[in-house]
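Following: one structure in structure tokens, then a few remarks.
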Amino acid sequence: MTMTATETTRQPTAKTKRTPFWDNARWIAVTLVIMGHATLKLISASDVAYAFYLFVYTFQVPVLVLVSGYFAKAEPPNGRQLKRLLTDIVLPYLIFQSIWIVIQWAVEPKHPFTLDYTSAKWTLWFLIALAIWRLVLPYLAMLKFPFLISVLISFVSGYANSADDTLSLARVAALLPFFVLGWELRRRSHYARRWIAARPRVVWPVRGVAAAILVTAGVTMYFGIDVWRDLLVRRFLLFDEQYSNFGYDQWWAGFVRLLVIALALVMTFAVLVLVPRRHTIFTEWGSATMYIYLLHPFFLYPIRESGWLEDNSNVPVLVGMVLLSIAVAVLLSQRFVRRAFRPLVEPRARWLFHHRRAPA
């Protein structure tokens with residue numbers, strides 16, 4: 001994934017100047033994703049876990065998608081970029097989809113052995129989405145109002161029966177605005193540069209407002225938990241199905257998605273404002289996000305499928321799973337992990353491509 005939130009983890013060359021803020025944002029974003037995945041099985045019997053889950057899900061994937069969009073290119077892809085699309089996204093998807101097909105067939109009797117590559121397993125939908133977003137972005141970039149058009153696509157897709165889990169099309173369409181907005185921010189990168197260079201007397205008041213927004217959202221999630229359950233807010237936050245699938249077959253259902261997108265954008269920018277702007281202990285780990293994203297399910301899968309979390313849905317276990325998520329993210333960021341799993345996560349696949357010799 002070309003230097004985006006989880007788009008690639010190739011080491012920068014000597015000519016590449018990395019910005020600590022964006023590496024910090026990458027690592028925090030993927031760690032938040034792990035937290036959401038780690039706490040899912042707790043929400044059925046714990047209001048605290050459910051509130052935490054809703055809180056995290058309002059921004060975890062939007063942050064990841066927006067940061068990915070920030071590093072996307074809108075020019076028509078050349079041969080080198082198409083090659084990177086294959087080696088950074090398509091091949092890792094095929095490899096890990098195959099691994100999960102075998103694992104689920106071996107462990108879960110309900111899963112027959114079927115080589116299905118159109119319905120992504122668990123977290124792998126994001127790779128399909130990245131590939132499609134990168135391919136359609138040059139066309140959106142030719143239009144006058146790409147962000148507004150992407151919002152319209154998200155709005156309409158929730159009514160479409162054809163938008164389902166095939167190639168993750170429902171999520172691809174629903175989350176497109178966050179990717180396009182990330183690219184729009186790159187076009188206006190002076191805003192990010194001004195923020196990164198801003199003086200503390202400017203930064204801290206803004207961070208205070210951002211923190212207040214997040215705290216207010218968290219408190220609202222907790223004290224309104226029964227309302228959010230009844231309204232099926234969680235289903236809207238997943239962005240993965242049409243509205244009628246979960247009982248919203250009214251004409252106005254799409255406007256609920258617009259409200260959710262607006263909330264997610266506010267929360268996303270609140271989180272980004274709190275991201276450290278300078279070099280931190282986890283800045284270097286921001287280049288390992290592809291490894292973290294693809295490998296963390298192997299740690300969580302045994303715990304999630306054992307049934308233990310459902311039987312122990314309490315606050316101490318919730319805290320433990322959050323801490324475990326951070327520990328897993330730290331572990332998978334280490335260089336020895338990248339060396340060991342590089343053939344799977346970043347396959348070179350030289351055998352797949354023509355090698356043109358330079359003319360004599």
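Cβ from N, Cα, C; glycine included.
Curation plays no part in TrEMBL annotations; they are all automatic predictions.
Annotation source TrEMBL lists domain 'Acyltransferase 3' at 21-333. The transmembrane segment annotation in TrEMBL covers 25-44, 50-73, 85-107, 119-136, 143-160, 166-183, 204-225, 251-275, 282-303, 315-332.
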If we skip the immediate neighbours and take only residues 6+ beyond the ends of the transmembrane segment (204-225), which ones have a Cβ under 8 Å from one of its Cβ atoms?
47-48, 50-52, 54-55, 58, 263, 266-267, 269-271, 273-274
Quickly jot the same-chain residues contacting the transmembrane segment (166-183) by Cβ under 8 Å, restricted to those at least six beyond its ends, or write none.
61-62, 65-72, 74, 118-120, 125, 128-129, 132-133, 137, 140-141, 146-147, 150-151, 153-154, 157-158, 160, 239-242, 257, 261, 264-265, 268
For the transmembrane segment (251-275), which recorded stretch in the set 85-107, 143-160, 315-332 gives the largest number of Cβ pairs separated by under 8 Å?
143-160
Highest Cβ pair tally under 8 Å against the transmembrane segment (50-73), stretches 25-44, 119-136, 143-160, 315-332, lands on 25-44
Given the model, what does the mean pLDDT over the domain 'Acyltransferase 3' (21-333) come out as?
94
Within the same chain, where does the transmembrane segment (119-136) have neighbours whose Cβ lies under 8 angstroms from its own Cβ atoms, ignoring anything closer than 6 residues to its ends? I mean 6 or more beyond.
1, 4, 6-7, 33, 37, 64-65, 68-69, 72-73, 77, 85, 89-90, 92-93, 96-97, 100-101, 104, 165-168, 171-172, 175-176, 179, 240, 293-294, 296-297
